[in-house]
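Asks: Have a look at this one.
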Amino acid sequence: MQHDYLLYAAAAVLTISMAATIPAVRTITHGSWAQSAGHIDGKYRDRDGEATPESISAFSTRWQKLLVLFCAFAGLGCQIAFTVILNAPPARDQLKHLLLPNWLVTASWGLLDVQAIAIGANRNFVGAFQQGVYLSVSTLAVTILLLAQLNVTSTWQTAGKVALTLCAASTLAASILTLASLSLPRRPDVFLNGRLVDRMFTVNANTRLTFGWATNLMSLATKKGDLDMADLPRLSHRLRPDEQSAEWESKRPSANESVFKTLLKIYGWPLSKQWITTMTNTSVSYLPWWITLQLLQALEARKPGEPVEPRLWLFVAWLGMARITNALLDNWLFWNMVSELYVPVRSQLAAVIFQKAMRRKNVKAAGKARNDDKTSEQVTSSEVDGADGDTTGQKSRQAVINLIGVDANRVSEFSLFQYMFPTSILQFVISMWFLIYLLGWVPLTLGILSISLTIPINSIFAKMMFKTNEKLMKIRDEKLELVNEALQGIRQIKFSALESQWENRILRLRQRELATLWEYFRYNIILDSCWNSGPILLALTSLGSYAWIHGNLTASVAFVSIGVLSTLDFAISAMPALIRHGIDCWVSLNRIQKYMDGPELSPARTNTERADISFQDACLAWPVDDQDKPTEDSADRFALRDVTFSFPPGELSVISGNTGSGKSLMLAAIIGEADILSGSVTIPAPPTLNERYDDRANPESWILPSSIAYVGQLPWIENATLRDNVLFGMPFDKDRYEQTLAACALTKDLETLVDGDKTELGVNGVNLSGGQKWRVTVARAVYSRAGILVMDDIFSAVDAHVSRHILENCLAGSLCKGRTRILVTHHVTLVEKHARFIIELADGTVRCSGLTEDLRKQRVLERIESFEQHGLNEGAADSEPEEEPSGIPLKKQSSRVPQKFVEDEAREKGSVKGHIYATYLKDSGGWTYWCLLMGFYLLFQAAQIAQPWVVRLWTGGAEESSLTMFQAARTQSELPYTSQQGFLSRGQYRQNTSSQELGGQEGREVRFWLPIYAAVCLAGVLSGTARYIMTFRASYRASKIMFEKILFAVLRTPLRWTDTVPVGRILNRFTADFNVIDNDLAQMGEWFLSTGLQAVGICAASLFVSPLIAPLAALCLGWCAWLGMVYLTAARPAKRLESTSKSPIFDFFGSALTGLTTIRAFDRTTPYIQAMHAKIEEYSMCSMNLSLFNRWIGWNMSVAGIAFTITVTVFVLLQAGIDAALAGFVLSFTMRFSNTVLITVRAYAELELEMNAVERVVEYSEIETEDFGGEKPPAAWPTQGRLEVNKLVVAYAPHLSPVLKDVSFQINPAERIGVVGRTGAGKSSLTLALFRFLEARSGSIYVDGLNIAKIPLSDLRSRLAIIPQQDPVLFSGTVRTNLDSFDDHTEAELNDALHRVHLVSEDNSMSSSATVSDNGPSSPTSIISNSEPTATNPTAAGGPTTTKNVNIFQDLSSPISEGGHNLSQGQRQLLCLARAIVSRPKIMVLDEATSAVDMATDTLIQRSIREEFKASTLIVIAHRLSTIADFDRILVLSGGAVVEFGTPLDLWKKEDGIFRSMCEESGEKAKLKTMILGEGLSGVNE
């Protein structure tokens, strides 16, 4: 009955073949070969893309099908002939047991032929491929059965050589048929938008199984020496973010469903497949140890000179098959983890988080003030561990970006490694069974007990490490926010010469981080030492107790046990790390869940078919999270109450009011960005994106009456060309475009821009003036198809004559005729002639509203105008400005490629340069330190080799007794030796042999060798711990020094560099790259050195078998080195592309969050989501291809290593004189060869790829910095404030033309100088030159007799002060920290400064303990008109309210949010002005510092400036000429040159002068004349 298994196997093979034949029969009977899904009329398309005619013509399966048919019929013929011979006498009588199995095999061959015919007839690409896979399964089963039949020796003794030949031919045909059936390509190459799609689902199954589709891309990388993003193929449809987002929505029917549950729904099958694969792979991974056991037992039993038994060669073949299967499963396990879990989860979470951000409420909250100036010792654990970072962090823009950069990555990384849970459990079960058989219960139990002693240590330090890691992550979040804030406010930092203070502030936080990092390293070292000592302690105790009990230790037991024990230890020790990663993943999931559950923009506003916009008893407030939402009457939330009126459709409506009165809040309510606490807001129903048909728009159908366009309080500019910013996704209409530019006074600006309207604008328009930015955003709204234009104060940053031009030609011109225009402005007098409806806000209510004519009749309009500095002269208002001709064609630009303002991120090519390695080695300790470190690595590796060598010497003494044991076992059995019999013999030997029978010699050997083995193990643990300590110390030192260098460089780089480099790109260095340098680089270096030395040790150990191994080892290493070079050539640029493709995601996300209100108002969320998807896909493409390269090298290295292992094994068997101990020693190393060499190459590759982080950090550490050297000025300098400019010539860059040309003038001490000029005249350039942000090409600037070019920059900038209009910078914290960042002034001085700028007033009746307002712009309401706040129009709303809004400036501890976004633009300007007043410099420059405040407040502030700075020299760049009309002198610039300089009266008398013409065009001619000539001066103008 021993051959019955053949019958059962043949029946199973026939069943498999029948199942695989069903699709083939269906294909033949239904004629489905004539149709192909996606293959129609000579074309092929599927969800991945579409094939081109070229790819279809290149696609062919002819030779593969012919080979399949030939092998199928040849194999069937051979099998029939073989069966006929078996059925002929005399074989029929002697081989009855093989007749039925062979007939079943013959039937299986017939079914294989049916499948082959179906493949040959099938014209369906994908169908033929699938049937080929089914056929391969059948043929593989047939091949294994035929091989088993060949193993039956009695067959050949009876059937003869002819039967043997026919059976071997049938087996060979089946084997070739297996490969041929897998060689059918699946489809032709498909393309998406002209770009090749990933070929994984294109190539044949053989190529797919061996990752061969990577070769084309790797060949291209070898040929080019680099890879570009355009070289990478597009992803298959299932990995594209747009389809992933759609899948997320379909699998998450409820918005309240947990993110975890949704992920399980989507990835349930990939997870199941991963667990099945890993459990199969784990089971297969033990087969090599079992085969090794059989080989060693056979060697122990072999007598000297005895030939090798034939069955051992079968074991060698099984060893090769097991290793190949293990390598295949292992590589595909990792590939599926990346392609089906890691990358999809990461990209899907990033996509849905971004989509949520596009829908979520735009909450501008002020968090708690951060006290990062504390030292490490001053920060308690409660401050770090107890603070709930999510409470305020989720409201931070950077915290939202971190959801993609950190949390989504944590979740995806856990999905990558969670397979180790079932792996560890299964490894534990199998290892226990194996070890119980090898060692018995007692030694194993003692070994488990010994290693259990390390479990409490592991547990304690794992918990401490986990807490430290949490603490480290929180500190890193703080560091990220602080660095981000410094970069966002770098202009203010540089203007105030605060680089050193901010550097120290960041370094103090960095020191806390490093202290925590070193604490983390300490715990890591302890855990690593436990991990290293665990398997040693386990092996020492188990083997020692086994040897003590049984009196000896055989090689088969020792070396196999050590290998299995190491696996068991991994299964035990991996669990704590997995649990830690699981907790991290859960925390991140909760953070994502909290954000996804956040409130979205609710349809609180009622859409209506009416054409007007109306408010009905509405109470409006800035958005807050629902869980934090106060009640309507809460005093800590600014609100507009009792709002009731309607805007007339198709007309210009004006909203006015004092600074912080709620004007922007009203606009936010119109566009849906405010909370409506009560009442309602109704707007016309806007068309959906699908109803707009923008691509079909023409001049007749251009305007969509109910569509909205918005111009925010802060102009938002994309990093794109000027044209793209104006078009904003709309189709290009040349006539409308040119009319828009002319109406917005941009035509002349194009002439000054290098590339006209194709000039690239930097992030937030840093290369535009404040006025230009405003005009571009206005042009965007005007050009749009919106019938409703909602605009904040567009006149605040433009010159007076430009304001008139925009009003007459844009707002009141043909482009806006018939469109509903709602405008916030402080210039009511300027616009009232064209306004149909006017609203005035005050103290959170609508003070009055009504038609302009009605308000004029009731003299309300007169009061509003008088509030604006007693109104503007009517005659001036009626005067016509000098108009620019409309419809002027754009100036023709040169045909050259436009210059890029923001250059693409630099990416190194080739291997990492030696300079980078040298820099890192120097910063980490120098050559002496690293030589000492290498000594410990060599000592550790020597101990690693010495441990099995001691076991080899130990077990070598037991060979004789072992031989006796096996000989006895063989004589006791009449059956051939089998593995089962071997097991039984060893068990019987254990039971029947006692210590006394073995004698005392073995016991003495145990006592001799066990201490030696323990001593060698201890030396390994100590040297391993020492190398860990020294490696982490080197990493710590390098990280500290490199951070200091890059921080110093970035804070002191020229301003133009920070303008042209996106903040996200810089942050990437400070976060992602330093995370690599802090954590990963040291481990990668340790990994490479350890595995490299281990690979050398394996090759050295193999030489003990035969010197002939040396050439083979050299050949194998050479082959691996070549594979490694090919891999590195492709992986290196792929890793760099992955690094550079991350920054655009964060930059784009940050830009979108900044412009979120504008994007949503224009209904452009869908295009932005699509653009984000494209960036996420590029990042995923890099990750996928990098992983593909890893799997390619993994498979090929496995094949090379397996070949080496099999060859060494063959040498072991052929060497007659080799004993089992030496064989065990060699095999224990060579079994690890493929994995070790692979890890060495991967470790080197990872090390070099991680060195990319050092490369990027060094790049920014070595950028050009400003020259801070010079001669120190006197401590009191400047004492007078005298300024002399002599023939100054200045340019923004060496290759650009000068912006200031031969400028000369003198300013006397305490003089007030106004600087005026049209856009582009050089006003802002003059201030940059004064602060030496622009260095003089020639000429000089003297301050109090000192040449500023010879004074250190820090002294120069700290002694002067500037308040830039374009970007009033505030930092997160409190009112106090923004006024006095470093506690240099008293509270009384700070309060006095706030009074001076009228943010608070002496008679303010509000509570002195103001409640912190973190819900949006708040109103100080300190400027209150003397008029009674009653509605003078019958239609006016806004009666008295019971709740007043709190003035947050009365409390210096009131919080300020990131960027000051919980304040209005005017409040931000005033707070910056107060900050300047606190410093009281001798020379102050104001760049229209009060442009965004109301006229009355501006009047009082101008009076305060005159009073406070009587002893200071004031240089004011003004857009309102009335601001500087009574100054001592006026400097007029034009084209970068001084054209006029004199007193206002002298310049007024020049009737053809520029200043005079500007006055006449300003709309304030009468008022300016009064101020200049001194006629009838009022008290305000004194």
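Every residue gets a Cβ built from N, Cα and C, even glycine.
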Asks: Which one of these stretches, 100-121, 936-957, shows up in TrEMBL as transmembrane segment?
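Replies: Residues 100-121 are the ones TrEMBL records as transmembrane segment.
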Asks: Between the transmembrane segment (133-150) and the transmembrane segment (6-25), are there at least three Cβ pairs closer than 8 Å, leaving out pairs fewer than 6 positions apart?
Replies: yes
Asks: Average the per-residue pLDDT over the domain 'ABC transporter' (624-868) and send me the rounded value.
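Replies: Mean pLDDT for the domain 'ABC transporter' (624-868): 84.
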Asks: Mind checking which residues reach the transmembrane segment (1008-1030)? Cβ under 8 Å, same chain, six or more beyond either end.
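Replies: Distant contacts of the transmembrane segment (1008-1030): 524-525, 528-529, 532-533, 536, 540, 544, 547-548, 929, 932-933, 936-937, 939-940, 943-944, 946-947, 950-951, 953-954, 1086.
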Asks: Counting only residues 6+ away from its ends, which parts of the chain sit with a Cβ under 8 Å from the transmembrane segment (6-25)?
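Replies: Those are 97-98, 100-102, 104-105, 107-108, 111-112, 114-115, 117-119, 130-131, 134-135, 137-138, 141-142, 145, 148-149, 152, in sequence order.
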Asks: Given a Cβ distance threshold of under 8 angstroms, which distant residues of the chain, six or more beyond its ends, lie next to the transmembrane segment (100-121)?
Replies: 6-7, 9-11, 13-14, 17-18, 20-21, 23-25, 27-28, 33, 65-66, 68-69, 71-73, 75-76, 79-80, 82-83, 86, 128, 131-132, 134-135, 138-139, 141-142, 145-146, 149, 170, 177, 181, 184
Asks: For the transmembrane segment (162-182) and the transmembrane segment (66-88), check the count of CB pairs under 8 Å (sequence separation 6 or more) and say whether it reaches 3 or more.
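Replies: Stretch pair touches.
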